[in-house]
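Data first, discussion second: the structure below is written as structure tokens.
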Amino acid sequence: MQAKAAVNEKPVHSINNAFASKFAKSMFLAICGLFILTFIGTRMFTHIDLNLYGYMVGTIVFLGGFFYRFIAWGERPPTKIIIKKGIKLLFRKSTPKTSVEHLATYRFIWNRGIYRWTQHVLIGWGCILACCVTFPLVFGWMYFTMDDNGMYNIILFGMQILTVPADGIIANLSYNALNITAVMVIAGVCMVLYRRFKNMQARAEQKFMYDFLPLVMLILVSVTGLLLTFLNMFMHGHGQPAMSLIHQWTVIITLIYLPFGKLAHIPFRPLSVFAKNYREYYGEQSMKKCKVCETEFVSTEQSKDVVEVLGVNDIHFKTEEGYHLAELCLPCRRKYRIAQFSGFPTHEVKVKEANQNAKG
Amino acid sequence: MTKKRLYLELENCIGCRSCLAACTQCGGHEERNRNYVYDVNPLVNRQTMPLMCLHCVNPACARSCPAQAIQIHETGAVLSALVEKCIGCQNCTIACPYGIPKFDTEQNLMYKCDLCIDRTKDGIPPMCASVCPSNTLQWLTDEEIENKKQQFNLDNGKWVTSLPYLEGETNVKVNLPGILQGVTKLF
Ligand code: HEM
Ligand code: SF4
Ligand code: SF4
Ligand code: SF4
């Protein structure tokens, strides 16, 4: 009995090993990468701003959580397939267009409603722009200098990329970049909160930890960020060090929480581009014909993949006729079920399904 | 609060499609129904039957989802896709043994029956069961379902609430239509 148990345990053990080493490897590579970038950016550590030390530690803890969560997730059979085939299909002609629509302009959210699109553009772009400014600053990849002649320099990776008049538009935009993004995020989060209190579906499904905590954190980050500016400009920096610490604390908590809550969709949404490519590419290769009505309803590859994934989960759906239920088109599959209930082969009657849309 | 389940007595269906209309009105359904009504033998008679998500105990839709977008509620209801997670691969529509999940290409989002979770989580019957005029869709306790089972002749193989007649164990219970089996039902 004991011997058997040991044999059974073996595969589990080896998966655990692979998991641990994958995690360690990703973590190691990421930290090396960060180190090198910081080294270059700070010109061999000569331009480090030690006020930003907390952020550095936060980022590293975040990376730990991030890899832990996403490696476990990537081990799931359906996820593994999409990732593997998605990477293979990355260089399709349509990828740039799909990526822009899915990841930058969020056209599909527009189709869900203009209100939802607006709130997401404000939050999403607000955060992305803020990160584009904050991270390079934190790791010393970017900093600013002011010349005696009133010119303002933006320095990226030790190279002077832009010199503008210190009182010009671009300079003002860059002093205020984080204020602008903070206002965007606050406006967006307020819109989301309003919808979350009104919309019945949202009200039914939402949980504090999953849906509200990220919103609260985003608000806290933005408000404390704005307060920093306020203290600097109108209070002569009074209370600034304390506020700076509070702000740092909120950002770090948000980062660490990110892989585990709603915000986990950010690093992982690019998969929607993979999914689109996967459907387009294999759809062009060959389409699966429904075993009953011969309508082409999905790519042969996807049908095969789904059958395989279900098999891994010990779900087989074999019919008496010898096919897998996933090989029937959707209307035929529904009729096949009616046939199992009624004993009459509904799926073999060549009549289109009638009125399923509650329209009279 | 005793736990209640959706219970279908398929043979009662009169094809009025009230359940389809009701489903569109449930909180957050955005006026789109997530259930079906089928003609059993459309060229011969008018018998119809509703078809809806049976809320599988081991749901194929959720198992096949690469994004973990289909969550299982603590009541056992298998929820519609999480709006920020669904990546639009449509695996779930191919995986479901009854062809239930619907997909909106424009919104790149799957939507399916969520057992009207905004109602049922508080013990209120789902929309479709609330409006069904023929008692095809009912909202019953396990005890009441057990009584039904006694009432409709136990041990004669005419009860399909569970395996082996379905593809797997389900949270929604279904009864075999006596009419089509040639037995008269005593209400
Ligand atoms: C990579 C690009 C991104 C994509 C494709 C994406 C996609 C989505 C989608 C589809 C939703 C659901 C929206 C709805 O149906 O109403 C959503 C919600 C949300 N996204 Fe993003 N997102 C992205 C980046 C971001 C970023 C950078 C943030 C900033 C923190 C963010 C914050 C949020 C929040 C807070 C919600 C929840 C809104 C609510 O509670 O109703 N997203 N996202
Ligand atoms: S009936 Fe289909 S959609 Fe409903 S839980 Fe089962 S597999 Fe999912
Ligand atoms: S369409 Fe959405 S819900 Fe369905 S399997 Fe794909 S990601 Fe999951
Ligand atoms: S339980 Fe609710 S969501 Fe499901 S079919 Fe009935 S009305 Fe529609």
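Here the Cβ of each residue, glycine as well, is placed from N, Cα and C on the backbone.
What TrEMBL records for A:23-40 (among others) is transmembrane segment.
What TrEMBL records for A:52-71 (among others) is transmembrane segment. Sequence-remote contacts of a segment are chain residues at least 6 beyond its ends whose Cβ falls under 8 Å from one of its Cβ atoms, and for the transmembrane segment (A:52-71) they are 19, 22-23, 26-27, 30-31, 34, 134-135, 137-139, 245, 248-249, 251-252, 255-256, 258-260, 264, 267-268.
According to TrEMBL, the transmembrane segment annotation covers A:122-144 (among others).
Under the heading transmembrane segment, TrEMBL lists A:177-194 (among others).
Taken from TrEMBL, the feature transmembrane segment applies to A:215-235 (among others). Sequence-distant contacts of the transmembrane segment (A:215-235) (same chain, at least 6 residues past either end, Cβ-Cβ under 8 Å): 123, 126-127, 178-179, 181-183, 185-186, 189, 192-193, 196, 243-244, 246-247, 250-251, 253-254, 257.
Marked as transmembrane segment by TrEMBL: A:241-260 (among others).
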Which residues, given as numbers and ranges, are at least 6 beyond the ends of the transmembrane segment (A:241-260) yet have a Cβ under 8 Å from it? 51, 54-55, 57-59, 61-62, 65-66, 68-70, 134, 213-214, 217-218, 220-221, 224-225, 227-228, 231, 266-267
